[in-house]
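Participant: Quick one: this structure, given as structure tokens, is what I'll be asking you about.
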Amino acid sequence: MAEDNKEEDINLNSQSPGFVTGRGNTTEPWPENLTSTAAPSSQNFTLPEGCVVLQFEDFIPWDNEDNLISAEFEQFFHRVVTGWVLPMIFLIGGPTNVMNMVVFYKLGLKERINVCLFSLSLADELYMIRNMLLDGERIYTQFTTGNRDGPLAQFVINNNLIGFVGFTWVSQIISAIIASERCFCIVSPLHSQTVLKTRTTAIFIATCFIVVVGLCFVVATRYRVMCVYDPLSGAVTDAVGSSEFYFQHQKFIDYLDSVVYGVTIPGAALVTVTLTTIVTAVKLRQVVAKRADMSSSKISAREVAVTRMLICNSILFIVCVFPIFFFRLILFFVPELNSGRRYHNTFLTVLWVLDVVAYINSSFNFFIYYKMGSRYRETFKELFCKRRCLRNQTIGNSREQELHQPVPSITRT
């Protein structure tokens, strides 16, 4: 989406750094992307009404010597990622995010940190569900028709539903809020209780959901599925191009796409989480060093444990988001590393890797919560392990009773 080829015969677009971590292949404007029909066999073939002709200047994006990765490998890698890797991660992240929401709701949304963690799990769950619906269709179409996308993808594009990818940026903002909240609680525990209100935090997060996702729907209006004729293969295909609405508001949409979603939100979130996590870790170390005087400390042992858990959460965020943000920056300085450019296959292959990283960031928080959060672990067991725990407790009690029963005497007659 970085630049657009607006010509008389064709109106297709490349990707900008904004929607890179959305679904790269739903915005890929090339014939192998969506449903294709049989190549015209007659020389008297008439171009369908409204169909544009795909044209190339001096190279074919997916078949040129400059590509570091072949089209065959990119297609194979795409099938492996969308057909196996992402569904397997979703089987972890999908259920665990729901369990996270249930646990934090049970713990009480009157606590500010529970509101933040509940909202983070909600954003991650919605992001993964949106992507998995399209990935599920891709798994089906790849093994049936051989195409990458089907009718659902076309419906999503033509109805601006790509905008739901905005939940990934909401997740990044909430991660920054959590890191900032925890830093404030450790640095100034008394002020944090009076300045940061739960109601204010909830309103701010709800506003982020509405504004960030809403503006993503504005950016999504730039895409439309259109009929394309490829003179090289003679095939009529459906590909993704730019809409008339986009050309009427091109500057505004490009600003949202490239600047706001491409750099500002992920960059600000990454810097905020990194700096606040460093400050929190240093301050926490000082608190732990004075553990002998913990009774007079303004920070409780429970707050220390929660802070350690959230520091690990922030580290996972930094490790996963940094390569995504770095790749977006590279796109500004290497224009040929983009869809429809000389490094077309390399660009798409990197997208599939970043998709895996984004899925991991949205799926693995559960293990941190369960391992390091004592209240989370106890509540989780109470909610989801109740029958098993009761059965184990019953077995344990019966065994204990057997051990305490008097041993009958044995006499000889």
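Glycine is treated like the rest: Cβ placed from N, Cα and C.
In TrEMBL, annotation is done automatically, which means it is predicted and not curated.
Copying in the features that TrEMBL gives for the protein in this structure:
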- 11-40: compositional bias 'Polar residues' (COMPBIAS)
- 96-369: domain 'G-protein coupled receptors family 1 profile' (DOMAIN)
- 1-40: region 'Disordered' (REGION)
- 84-105: transmembrane segment (TRANSMEM)
- 202-223: transmembrane segment (TRANSMEM)
- 259-284: transmembrane segment (TRANSMEM)
- 305-334: transmembrane segment (TRANSMEM)
- 346-370: transmembrane segment (TRANSMEM)
Participant: What stretch in 84-105, 202-223, 259-284, 305-334 has the biggest tally of Cβ pairs under 8 Å against the transmembrane segment (346-370)?
Facilitator: 84-105
Participant: What else in the chain is close to the transmembrane segment (259-284), if you only count residues 6 or more beyond its ends and a Cβ gap under 8 Å?
Facilitator: 16-20, 166, 169, 172-173, 175-176, 179-180, 182-183, 186-187, 212, 215-216, 219, 304, 307-308, 310-311, 314-315, 317-318, 321-322, 324-325, 328-329, 331
Participant: Under an 8 Å Cβ to Cβ limit, what residues of the same chain, 6 or more beyond the ends of the transmembrane segment (202-223), are close to it?
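Facilitator: Residues packing against the transmembrane segment (202-223) from afar: 1, 13, 18-19, 27, 109, 115-116, 119, 123, 157, 160-167, 169-170, 173-174, 177, 240-243, 245-246, 253, 256-257, 260-261, 265.
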Participant: To what whole number does the mean pLDDT across the domain 'G-protein coupled receptors family 1 profile' (96-369) round?
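Facilitator: The average pLDDT of the model in the domain 'G-protein coupled receptors family 1 profile' (96-369) works out to 87.
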